[in-house]
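Participant: Got a structure for you, written out below as structure tokens; questions coming shortly.
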Amino acid sequence: MKAAINIANTLRGLVTFGFIRNIKSMSSSSSSSQNFVSRSVIKKVFAKLQKEGDGAVVRRGISRSEQKLLDPFLMLDEFSVSPPAGFPDHPHRGFETVTEELLIKISKATRVQSNIYAGDVQWMTAGRGIIHSEMPEEEVNKGLQLWINLSSSEKMIEPNYQELSSADIPKAEQNGVQVKVIAGESMGIQSPVYTRTPTMFLDFTLGPGAQFHQNVPESWNVFAYVLESGEGGAVFGSSNSSPVSAHNVVVFGQGNDGVSVWNKSSSKILRFVLIAGEPIGEPVVQYGPFVMNTQAEIDMTIEDYHYSKNGFEMAKYWKSQ
Ligand code: FJE
Ligand code: FE
């Protein structure tokens with residue numbers, strides 16, 4: 001979907017990598033279980049299929065009912081879209097969207113199955129306003145889209161895009177555990193992404209029988225989303241807790257060192273994303289693609305969009321190709 005994301009009043013190209021303020025002295029993960037105290041699983045949410053956009057179907061893992069528990073996260077969708085379905089021109093204000101492409105299949109006609117764009121990530125800060133369309137150009141596009149709230153002081157900042165191709169994303173491997181560090185730090189390596197709301201976004205693949213302990217700052221909220229697992233494979237929190245199947249959000253409780261995970265399958269890999277963030281602790285008022293602190297700010301946003309002002313200037317004549 002990369003090439004299909006069109007930008008209205010934005011700063012595409014003005015990507016500022018290399019400065020990271022959010023994770024100061026987080027110790028990296030340890031591969032030994034000694035002394036590591038994992039948070040425990042307090043809730044599981046199966047991401048049910050639902051219709052969204054224009055003919056698209058998504059699995060929604062995080063929605064309004066999880067927003068309090070998972071502050072600063074607003075939404076998590078696992079999408080699978082094929083043309084002509086997609087998400088035509090729509091606005092956003094007040095938060096960030098992170099889109100991780102998991103799988104892209106190009107046209108059958110070529111008889112080549114390629115996933116050249118798989119692994120790319122777009123970290124979009126909507127700020128005061130963007131209008132974009134997210135339409136697939138290839139046969140099948142699978143991925144994740146996460147919405148991260150912005151604090152009141154950052155809701156009206158200029159929009160920004162950080163685009164990472166798969167090759168730009170730091171990767172590490174130890175003891176049968178692979179990680180792609182999309183945001184934050186793991187196994188001693190750091191992502192170049194600048195997160196306004198301090199966020200960790202790690203994409204893990206555990207080989208059969210592998211285990212891992214990931215440090216997470218104590219005050220942060222954290223969840224996992226299981227993308228792929230063998231029967232009975234995905235075990236979180238403690239080694240004897242009940243396994244979680246694919247398409248489930250696993251919400252962890254507060255405190256302790258971080259999160260432990262085991263792949264108990266003897267033949268299949270376990271793939272999941274681990275996402276953590278510093279809670280903002282402000283009221284959330286959401287109206288579709290606008291997320292503000294008060295109803296008055298939402299009313300103002302609807303007016304701004306309607307009259308193409310205060311960040312929505314391009315709404316008047318913008319049309320994505
Ligand atoms: C949106 C309805 C929507 N999940 N996953 C209402 F569909 C959308 C929207 C998306 C979206 C886009 C992608 Cl690429 C992946 C998604 C919802 O665009 F923003 C609102 N408000
Ligand atoms: Fe969008």
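Every residue, even glycine, has its Cβ placed from backbone N, Cα and C.
According to TrEMBL:
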type	residues	note
DOMAIN	59-148	domain 'Pirin N-terminal'
BINDING	His90, His92, His132, Glu134	Fe cation binding site
DOMAIN	202-310	domain 'Pirin C-terminal'
Participant: Please work out the helix, strand and coil residue numbers for the domain 'Pirin N-terminal' (59-148) from the DSSP assignment.
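Facilitator: Its residues divide into 6 helix, 51 strand, 33 coil.
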Participant: Go through His90, His92, His132, the listed binding-site residues, and name the one with the sparsest Cβ surroundings, counting other Cβ atoms within 10 Å.
Facilitator: His90
Participant: Write out, in the order they occur in the sequence, the residues of the chain not among His90, His92, His132, Glu134 that have a C-beta within 8 Å of the mean position of the C-beta atoms of the recorded Fe cation site.
Facilitator: Phe87, Asp89, Pro91, Thr97, Ile130, Ile131, Ser133, Pro289
Participant: Count the other Cβ atoms sitting within 10 Å of the Cβ of Glu134 (Fe cation binding site), across every protein chain shown.
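Facilitator: Excluding its own Cβ, the number within 10 Å is 24.
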